[in-house]
Amino acid sequence: MRFFALFIYRPVATILIAAAITLCGILGFRLLPVAPLPQVDFPVIMVRASLPGASPETMASSVATPLERSLGRIAGVNEMTSSSSLGSTRIILEFNFDRDINGAARDVQAAINAAQSLLPSGMPSRPTYRKANPSDAPIMILTLTSDSWSQGELYDFASTQLAQTIAQIDGVGDVDVGGSSLPAVRIGLNPQALFNQGVSLDEVRKAIDSANVRRPQGAIEDNVHRWQIQTNDELKTAAEYQPLIIHYKNGAAVRLDDVASVTDSVQDVRNAGMTNAKPAILLMIRKLPETNIIQTVDSIRAKLPELQAMIPAAIDLQIAQDRSPTIRASLQEVEETLAISVALVILVVFLFLRSGRATLIPAVAVPVSLISTFAAMYLCGFSLNNLSLMALTIATGFVVDDAIVVLENITRHLEAGMKPLQAALQGTQEVGFTVISMSLSLVAVFLPLLLMGGLPGRLLREFAVTLSVAIGISLVVSLTLTPMMCGWMLKSSKPRTQPRKRGVGRLLVALQQSYGTSLKWVLNHTRLVGVVFLGTIALNIWLYIAIPKTFFPEQDTGVLMGGIQADQSISFQAMRGKLQDFMKIIRDDPAVNNVTGFTGGSRVNSGMMFITLKPRGERKESAQQIIDRLRVKLTKEPGARLFLMAVQDIRIGGRQANASYQYTLLSDSLAALREWEPKIRKALSALPQLADINSDHQDNGAEMNLIYDRDTMSRLGIDVQAANSLLNNAFGQRQISTIYQPMNQYKVVMEVDPRYSQDISALEKMFVINHDGKAIPLSYFAQWRPANAPLSVNHQGLSAASTIAFNLPTGTSLSQATEAINRTMTQLGVPPTVRGSFAGTAQVFQQTMNSQLILIMAAIATVYIVLGILYESYVHPLTILSTLPSAGVGALLALELFNAPFSLIALIGIMLLIGIVKKNAIMMVDFALEAQRSGGLTPEQAIFQACLLRFRPIMMTTLAAMFGALPLVLSGGDGSELRQPLGITIVGGLVMSQLLTLYTTPVVYLFFDRLRLRFSRKNSKPVVEI
């Protein structure tokens, strides 16, 4: 009593305190960062290593395996995967959430250093690492185009100057430059000319390497001066290499341009990048794990004027893709939804109270509670994201509930003729315990979420804390500011025998009378209501089992990512044509705004594309509908497939797959994996629950096996090293020397001129100089035959791995897809030597599925414990929790009606319903118990009177919560995929709960009361007189 009086009778102090915490909230709002979702990035580090010309199997055994053994000893590694392709190895390390990325990076560098002695000596550089996840879509893509600069020159400028500058921006994890390679002097050898001159390829290599030397020469000095010695020991351009003498024949000099073409070109000619229909260099920028995407993009944009100033006029720099506009638009939509929710909730209060003054009180309580929450969010290190703003939107209905309960009870006393300050004090005193019970039991729902581990726990933590803080502040406001305003703003009124005869008042009276009549009938037919109650429990179980489930709603971020997979024996020239064909098909779609793509490098038969769609308001179709439409056209391209997927704000795992979900096959036997992977992939491709099936297991690449006749080689004076060196010099794009320039270092690349290596006959022109100086053709000591070979070798841990990626057809849920895969694996009878498991998002979905029921039961148990403590009873909490089955049925039926799968967002809705719908029962039970204690009423009379007396606040609080969530259901535009499941669940649950709990709660109350009396009689003992 004294606590409430302290604030009621000191209005100035109360107002100033409320104003102070509101100002703190406004300041917190201005300081809060903006993000699409809470930070849930796993710390990921990518290690790269290269050995030009090495086969995938060589890279896997000699480079990947030593690095994996060393990196696998690092503490906190959650998963390690590797992919080795032609001349390149990439290892992805995914760490636990609690691992600091910078500390992990130091351990990675130490592990690389430890493995260095085990790596091949011919590697041109040490392995490097980047603190970025290569499977994440770039947060921004910049393109460079020019009509006068070559692709190599553009690439050099981009990698030497732009990429270096961008990489230094806070939040940037990696800048991947694609579309070409660094400039180089390329030497294209003529095998026939070399044979005629008697010059071996190794002799050419050694001559070039010896002619381009960068060594210190020292200095000369006397008593007065000092002279630095400088020589012309370096060759920097093709023109300087052309007259280089590499051999003498019969006293005549054989120069390099006599036996080769020497050109200024690029290190790897098998690279191509495009933006729309124009050749381009791409700068793909990825953020560091656990950094804010909006802040990073803003920092890059702030740097763009400086970058533009660095760029020559002949180069055009454009932003081809930016993830931030759709994120900002989505957050703006949520903010508008929040504003609409506040307005609707206040409108509900006004319609019930029909008083401007009375409505002003909750109209003040709502913004004070919500705005003050921003201060707590800032102190907790949260961000303004879709989930935290959705929490505030839902909180609108909660925070007004407490104020409504207090206000309605005070209004009831005022209508009875009590003085305002007395009514405020007594009304607050009467419902204070009720309000505290409702708020604490609602906050208790979120305790299991706060204790939940893994990615789902981290994802939902901000939502739970934000909502809990808003409810806590609302509780304080409703017991301090609300009664104070009631006491000083509202006036006493004479008792009304027929109150509210107009509009909503008449409707409410009619509803209350109808409810009273129907409640009497229900209380006389309790068995029928009991059957209905038990039926809702059974229906909950059936609906939960039957409803399709997924991990997270499929988002439309306005960005698509595509992976090209062509025939494994395709040439680079043909692959570049496929890229152009696919880009044209996509560019012609009316919903597409921009297309960029690249191909080449170590994976000749693959490519990547990034597609920016028009803003949501300028297109009718969703991203998934656009993918479905394009899929039909893309399948008509012969010899290649383009797999499209919508970029999501949550991307789990480090695998760079061509679809949204992955299923990984592991085996310690590579032969077993190669035998079973095609069978499993074929069986999965026949499933209607899966689409876009593809695999990173590629072992049908064209290979030419050379079989050396070692006896003949020994007789001819040739060793294996010389033969292998010949092949590397001829066909490996071998980097034989380095050109040092002020801004960068460039390579001299040697190979047989492509004009002489267009078919297998090129091998017949190869020869080796033996120990006697004679030219021995390769065909003298080697035979060759075509065969199949892997284009890539993949590991997970230290096991051979193959990942099958898949998308979901429209109308199919992730649960249906995973069930179909598990069923197929069982039917195939896959041996124990081949193990299958879901990866990435599908793996987290499986883990979440296993814990969902446990989480719901934990929330119910927590609420029961809190209510049991508050009521000092084992029975009354059960009465209150009896409202939950009807809410669950309503939520699940609403999801089915809207064809929405049960996702993590829907789970949040169910958890919220556990907290919301019990409020009705709390108000009924509180007043019934008080009526029994102080009024001497029977349980039947007490619960009947409580139901009628609390009918108006029950309707007000339920409608307020319902209208607070309704904008989420009706919202469209960016980000609506996230908001709608939450709104659907809450509104559906509230509608069904309101229809049933007004009748089932009194019946359950009487059932437990009779049960209590029955047990008390059994336990009572007769008194014996002595």
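Don't overthink the numbers, they just go from 1 along the chain as shown.
The backbone N, Cα and C atoms fix where each Cβ goes, and this holds for glycine too.
What Swiss-Prot records for 15-35, 333-353, 360-380, 387-407, 431-451, 463-483, 528-548, 853-873, 897-917, 953-973, 984-1004 is transmembrane segment, and it gives sequence analysis as the kind of evidence.
Between the transmembrane segment (953-973) and the transmembrane segment (15-35), fewer than three CB pairs separated by 6 or more residues in sequence fall under 8 Å, so the two stretches do not touch.
Of the Cβ pairs linking the transmembrane segment (897-917) with the transmembrane segment (528-548) and spaced 6 or more residues apart, 3 or more are under 8 Å, so the two regions touch. Away from its own ends, the transmembrane segment (360-380) comes close to residues 18, 21-22, 24-29, 31-32, 338, 342, 345-346, 349, 388, 392, 395-396, 399-400, 402-404, 407, 462, 465-466, 469-470, 473-474, 477-478, 481-482, 485-486, 489 of its chain (Cβ-Cβ under 8 Å, at least six residues beyond either end).
The stretches the transmembrane segment (387-407) and the transmembrane segment (528-548) are not in mutual contact, being linked by fewer than three Cβ pairs under 8 Å (pairs 6 or more apart in sequence). Taking every listed stretch (333-353, 431-451, 528-548, 853-873) in turn, the largest tally of C-beta pairs under 8 A with the transmembrane segment (463-483) is reached by 431-451.
Counting residues 6+ beyond its ends, the transmembrane segment (431-451) has Cβ neighbours under 8 Å at 4, 398, 401-402, 405-406, 409, 457, 460-461, 463-465, 467-468, 471-472, 474-475, 478-479, 855, 858-859, 862-863, 865-867, 870-871, 880, 911-912, 914-916, 918-919, 922-923, 926 in the same chain.
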